[in-house]
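Under the heading domain 'PBC', TrEMBL lists A:1-159. If you look up TrEMBL, you'll see A:47-70, A:247-266, A:331-358 marked as region 'Disordered'. According to TrEMBL, the feature domain 'Homeobox' maps to A:158-221. The DNA-binding region annotation in TrEMBL covers A:160-222. According to TrEMBL, the compositional bias 'Low complexity' annotation covers A:250-263. Annotation comment: TrEMBL describes A:331-344 as compositional bias 'Polar residues'.
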Amino acid sequence: MKPALFSVLCEIKEKTVLSIRGIQEEDPPDAQLMRLDNMLLAEGVSGPEKRGRGGPMAVAATSGGCPNDNSIEHSDYRAKLSQIRQIYHSELEKYEQACSEFTTHVMNLLREQSRTRPISPKEIERMVNIIHGKFSTIQMQLKQSTCEAVMILRSRFLDARRKRRNFSKQATEVLNEYFYSHLSNPYPSEEAKEELAKKGGITVSQVSNWFGNKRIRYKKNMGKFQEEANIYAAKTAVDATNVVAQGNQANSPSTPNSASSGSFKMTNSGDSFINLQSLTSYQSSPVGANVQSQMDSLHHVIHQTGRYDTIVGNPLYTTQRIDVRCTEANGSWQDATTPSSITSPAGDPGSVNSDASN
DNA sequence: AATAATGATTTTTA
DNA sequence: TAAAAATCATTATT
């Protein structure tokens, strides 16, 4: 009886055109999926668990502990990321398992039924394809939402602008020290930046940022920075003189002025320069190498003593005049916005700063 | 709560 | 292309 039924079913099938027809579907829509995959891979969500931990972790232990928050934040980020990653993988696995389970289940069912009704292998294949398609769309959704989560995480943790931390005391100390002892040319070289970064427990680009900000802000109104300028200038001045006092014999005094400004364009002010030079040499024995920084420091000290009154009295005015000093003297690390109009009411004690040059 | 500081980013400039 | 200048967004201070 069975064969009869079977053949009948076959006929019906033929008539109702339930048979296979266009089996052309699938797979143009893979562009998006590729994008998601790539991104997940790039973010380290998919791909091998890279717990590489080798990195620049142990930063310079030189001189004092800098907790260095950066790494803390980073590890926080990594923790969250690995959480996402974990979820992603477990979900993915679940889906894959479910998919294969369901597929085998359906196939078994169909095979069983194929005994009592006509089912071509092509139909089974098609069925399997459909199932896989369904599951892969689910997977894609998973990938998409994972991507979203990662992006959110990124914007929250990696965008340093959003989570700014002030530098440690140590870092600002080091940076300011350099800045004020190279006030005439506060452009640290790449090596110097690395050094500073190391000492301060920050990155080189942070050093660069800091100097960029510092220069512009210092220039913008120096009055505000007078205090710390004096502090650091005095500090480094003392250091410098000490150093000089100890051992300078190495260098010959034969490298006088030229050395001082180095790569800096020293527009004019020949006389004032000489002036300062004599001053410095007077204070501290002639030195070749260190001259620059000493001059900077001293400059500050002198400067301060020279016109403390005006500083106190009229900050604005002072600033401007200092500004002028910078322009004329340095001529370079920035040009003062101030017009020459305000320029020195010549003659006053302030003229001390004409020295300021370099 | 208002405002100053400050580190980072973006845009402009030389 | 590096530095200046403008701007943003967060943190500190009052």
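Just so you know, the numbers here start at 1 and follow the chain as drawn.
Including glycine, each Cβ sits where the backbone N, Cα and C put it.
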Overall pLDDT of the domain 'PBC' (A:1-159), taken as the mean: 73
Helix, strand and coil counts within the domain 'Homeobox' (A:158-221) (DSSP): 42 helix, 0 strand, 22 coil
